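These notes are about the structure you will find just below.
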Amino acid sequence: MEAEPPLYPMAGAAGPQGDEDLLGVPDGPEAPLDELVGAYPNYNEEEEERRYYRRKRLGVLKNVLAASAGGMLTYGVYLGLLQMQLILHYDETYREVKYGNMGLPDIDSKMLMGINVTPIAALLYTPVLIRFFGTKWMMFLAVGIYALFVSTNYWERYYTLVPSAVALGMAIVPLWASMGNYITRMAQKYHEYSHYKEQDGQGMKQRPPRGSHAPYLLVFQAIFYSFFHLSFACAQLPMIYFLNHYLYDLNHTLYNVQSCGTNSHGILSGFNKTVLRTLPRSGNLIVVESVLMAVAFLAMLLVLGLCGAAYRPTEEIDLRSVGWGNIFQLPFKHVRDYRLRHLVPFFIYSGFEVLFACTGIALGYGVCSVGLERLAYLLVAYSLGASAASLLGLLGLWLPRPVPLVAGAGVHLLLTFILFFWAPVPRVLQHSWILYVAAALWGVGSALNKTGLSTLLGILYEDKERQDFIFTIYHWWQAVAIFTVYLGSSLHMKAKLAVLLVTLVAAAVSYLRMEQKLRRGVAPRQPRIPRPQHKVRGYRYLEEDNSDESDAEGEHGDGAEEEAPPAGPRPGPEPAGLGRRPCPYEQAQGGDGPEEQ
């Protein structure tokens, strides 16, 4: 009886099965290795590389959109809740019925003090926190603190509102510094992924030309601020769809108001102490706060799940390894740079103008004359104007660099002159369209200011080792300006406008002076960034050269670098240096190397 052949031929077996399989490929020791482990026959390396970098670029766009949407939702929830909370707590009937003698006005004043005063200390800890947690995780942590502030409004007490307000004040500057750093890094990454062929030709250590990422930075900052300025409109949704139904009309709330605009003093002098016709039910308030809490949680998920890392893990290690003492000192050392000193007046004005939009135009000119029920629509006009005008920052792709920033300053200068001589009549609605136009135009100037400043800093300081320090300084000066506005809230409107006008003129002149120095080729004095001092031995540091070292490190190093070895192959295994262990290949070639103690 003849034996049946095996179902699967044995590899290398001789016999009647033959030396070839059904596909004609030789079996056994004669089988070609390329047929088994060779490249895919239809593999196109150039096409696969193009697809890979295309996915990388789409990932960068996803990061920018997620960070922008997260910032918009976070500030929309925060501003909307704070506005609704202050209006409810202002009404004395609401305070007496809901909270009795708990001292709600005192709690509100302490809460505002915590939000406005705490950021003054942010220069001391912001760079340390960003380097410790990393840019993305600092954003996530700060957004989480904003969500914590929202959650404390479920139980409004001194021991919930005031500590959460202090924590929120501590998170303001780190959030904005990390976001500015994040958007700038995304622009640099997008440029890297778009010009990968040029980088392959130049080598990984060759730095791209200075300012080459500027077009992408202009686009990304325009996208970010276009989203962010929509947060002012999102913040008015609780007011429009909920709180406006409970408000008195302007004839009641403005009954004792005698002067508005440039003739007003403080904030809403003579405004009625009762603004609510009926008190909102506690269940309705809980529903509104729950919706806001859900949106804040969504913002956290956006940052956590959709925002990728700003740096590679090895770069994060290098950024931390310069020493915590150096990280603490470097923001102060950057004051030596004349570019930053010339931009400080613009940083201060940037804080002044956004607070003036919310308190001066919206309250001193708007609510004072057309009533509290139109506050939301004034801020929506400001928001839409600013969001649309953020896209005007793209004009920097074709116009000289100073044009958008100076144009925004010019719009604000014109409006400030007009507001200085305008005093709207209380309880008269005929001039309400002027208020909406003024709010929208102020938003245009704000957008050009914010977009222009952030783009300018990203262009002037493109070294990854400096960006968190620079954006920390920028937003710290903004926080100082906001604190100054908080202290001077009781001043006469003419005094506020005069301070605004002087600061704006000084900022524009100082900025143009800086641009003139740059055109003359005056070299800025930048502090040296110390080289990373790694305390661990890991696979990342087996090689002597630092693959993540930037040109700034190489050019401005501390002079302790070793001479480069002569080019050309060296016979035998490379001897292990004093600072590293021999790799396994070297150990196999030349022994186990020096023994460790």
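Yeah, the Cβs are placed from backbone N, Cα and C, and that goes for glycine too.
Among the features that Swiss-Prot reports, N-linked glycosylation site is placed at ASN251 (among others). Cβ neighbours within 10 Å of ASN251 (N-linked glycosylation site), excluding its own Cβ and spanning all shown chains: 9. Secondary structure at ASN251 (N-linked glycosylation site), as computed by DSSP, is helix.
ASN272 (N-linked glycosylation site) falls outside any helix or strand according to DSSP and counts as coil. Counting only same-chain residues six or more apart in sequence, the Cβ atoms lying under 8 angstroms from the Cβ of ASN272 (N-linked glycosylation site) belong to TYR248, HIS252, THR253, LEU254, TYR255, ASN256. Annotation comment: Swiss-Prot describes ASN272 (among others) as N-linked glycosylation site, evidence class sequence analysis.
The N-linked glycosylation site feature in Swiss-Prot is assigned to ASN449 (among others). There are 27 other CB atoms within 10 A of the CB of ASN449 (N-linked glycosylation site), with all protein chains counted.
For SER547 (among others), the entry in Swiss-Prot reads phosphoserine.
What Swiss-Prot records for SER550 (among others) is phosphoserine, and it gives a large-scale study or a structure entry as the kind of evidence.
What Swiss-Prot lists as region 'Disordered' is 1-29 (among others).
The feature region 'Disordered' is assigned by Swiss-Prot to 522-597 (among others).
Same-chain residues lying 6+ beyond the ends of the transmembrane segment (64-84) with a Cβ under 8 Å from its Cβ atoms: 139, 143, 146-147, 149-150, 153, 168, 175, 179, 182-183, 186, 220, 223-224, 226-228, 230-239, 242-243, 288-289, 292, 295-296, 298-300, 302-303, 305-307. Under the heading transmembrane segment, Swiss-Prot lists 64-84 (among others).
Beyond the ends of the transmembrane segment (110-130), by six or more residues, the same chain brings 138, 158, 161-162, 165-166, 168-170, 172-174, 177-178, 181, 324, 327-328, 330-332, 468-469, 472-473, 475-476, 479-480, 482-483, 486 to within a C-beta distance below 8 angstroms of the stretch. According to Swiss-Prot, the feature transmembrane segment maps to 110-130 (among others), an assignment based on sequence analysis.
Counting residues 6+ beyond its ends, the transmembrane segment (132-152) has Cβ neighbours under 8 Å at 67, 70, 74, 77-78, 81, 160-161, 164-165, 167-168, 170-172, 174-175, 178-179, 181-182, 185, 289, 292-293, 296-297, 299-300, 303-304, 307-311, 316, 320, 468 in the same chain. Here Swiss-Prot flags 132-152 (among others) as transmembrane segment, drawing on sequence analysis.
What Swiss-Prot records for 160-180 (among others) is transmembrane segment, and it gives sequence analysis as the kind of evidence. Beyond its flanks by at least six residues, the transmembrane segment (160-180) meets 67, 71, 74, 78, 107, 110-112, 114-119, 121-123, 125-127, 129-130, 135-136, 138-139, 141-143, 145-146, 148-149, 151-153, 224, 454, 457-458, 467-468, 471-472, 474-476, 478-479 of its own chain at Cβ-Cβ distances under 8 Å.
Marked as transmembrane segment by Swiss-Prot on the basis of sequence analysis: 223-243 (among others). Note on the transmembrane segment (223-243): residues 64-65, 67-69, 71-81, 83-84, 87-88, 179, 183, 280, 284, 288, 292, 375-377, 379-380, 382-384, 386-388, 390-391, 393, 443, 446-447, 450-451, 454 of its chain, located 6 or more positions outside it, place their CB under 8 angstroms from a CB of the stretch.
Taken from Swiss-Prot, the feature transmembrane segment covers 285-305 (among others), and the record attributes it to sequence analysis.
Feature annotation from Swiss-Prot assigns transmembrane segment to 343-363 (among others).
Per Swiss-Prot, transmembrane segment is recorded for 378-398 (among others).
The transmembrane segment annotation in Swiss-Prot covers 403-423 (among others). Non-local neighbours of the transmembrane segment (403-423) in the same chain are 259-264, 346, 353, 360-361, 365, 392-393, 395-396, 438, 441-442, 444-449, 451-453, 456, 494, 497-498, 500-501, 504-505, 507-508, 511-512; each lies 6+ residues outside the stretch with a CB under 8 Å from one of its CB atoms.
The transmembrane segment (469-489) is not in contact with the transmembrane segment (378-398), judged by fewer than 3 CB-CB distances under 8 Å for residue pairs 6 or more apart in sequence. Among residues of the same chain six or more beyond the transmembrane segment (428-448), those with a C-beta under 8 A of the stretch's C-beta atoms are 225-226, 229, 353-354, 357, 361-362, 365-366, 369-370, 374, 377-379, 381-390, 392-393, 404-405, 407-409, 411-412, 415, 418-419. Taking CA atoms as the reference points, ASN449 (N-linked glycosylation site) and ASN251 (N-linked glycosylation site) are 37 Å apart.
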